[in-house]
């Protein structure tokens, strides 16, 4: 008996370890989201538009250098080869780390990516090695794309609706950038409201397409469209995994993501009943409350456990489906982040899960033992729960929820993992103990029908089979057609 108990205890420890490890891995993937800021001002070649650019940032804690690397993507949309567009760290030009993009789309040459800084409000100059403070800059990608009016990319030509410069670069050990200058800001991977600036010039003919070309100034007065500032939650994009993150992708149609035109205040209460709040509430109530209740109902040893299970899971699926629809509306057709991809995965698998559950019920009532559909239903349920929990936490990070609430929800999830695992294990153990004496009773009713336990969430088929008496196994199983019936000779 002691050996059996020890083996069972080791088994539950292994299950808990798998659950928590998988949950932690998925949460680590989804928690770090690139942040993005865009200004959509292009109106076509024949109209006077405003600046049009997007930037996305992802930070990475480099274990080998013990520093923070910054991965930056940038797109610039324009209708000609005139002018330049720039973004930079800090709230002023002095000490700012600037990325300036310009060039001629139809020459076959890539756009120029010039990394500069300025001592004051003067012409920015190329940075020198002595100015970097130990930071290292590499351009990873620079190319032109042509865009039609509907946003689709096409071949470059003079008749193209717009030209898009697509740029990616990495700044290794970027937190070492000295940011010298009054009002400048250090690049901090943990900053929740790091100021950035942008500027553009729409009409300069740049004669020399070199990275140190002379650049005319932008319009100077605040509010006239020549320059501006925005704020970035750098901590939201921080990835601490050993491998570096992919270069952040620009999500089409999304103007701000972890960014703002004004300083970000995480303590400011969010608006109640907006789409984001409703989306989060529905997903939270589904994965933190209703889905776990469905598991408890299935193992409740009630004669109506199956009925309770499918009703509860149906309600949870409705909440998840409604939340997913709201999320799709909020995404504006762009699904590039891990949070969005995981949400689509869970929503898609839910439909399959319902079908697997129905087929399991139909087949099990007939054959009285589990099939591959049964195990597929069990493991799909586990996948949905683990990914759903991790994705709910990543959604909280997505909207910059306070640390206290993230820790609280994490504790609730870990508690549910431990509680559900122990509940299923206890029910299986209790059922296994009761099945031995009941198996010797000749006229016992099929336990699966009486107690509703055939639809177990547990994995052990022997436990499920033990819930039926030996008499029933021989009496009714379609897999024993040659066995004699009682009373026949």
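Even glycines carry a Cβ here, placed using N, Cα and C.
Annotations in TrEMBL come from automatic prediction, not curation.
The stretch that TrEMBL tags with transmembrane segment, taken from the ranges 230-249, 250-269, 310-329, is 310-329. Range 379-398 is the one annotated as transmembrane segment, of 359-378, 379-398, 439-458 (source: TrEMBL). Annotated by TrEMBL as transmembrane segment, the relevant range among 341-358, 467-484 is 341-358.
With a cut-off of 8 Å on Cβ pairs spaced 6 or more residues apart, the transmembrane segment (404-425) and the transmembrane segment (341-358) reach fewer than 3 such pairs and are scored as not touching. Relative to the transmembrane segment (341-358), the listed stretch 379-398 leads the set 276-298, 310-329, 379-398 in CB pairs under 8 A. Only residues 6 or more beyond the boundaries of the transmembrane segment (310-329), in the same chain, are considered here, and those with a CB under 8 A from a CB of the stretch are 275, 278-280, 282-283, 285-287, 290-291, 293-294, 297, 340, 343-344, 346-347, 350, 354, 357, 388. Helix, strand and coil residue tallies for the domain 'Cytochrome b561' (278-396), in that order: 103 helix, 0 strand, 16 coil [DSSP].
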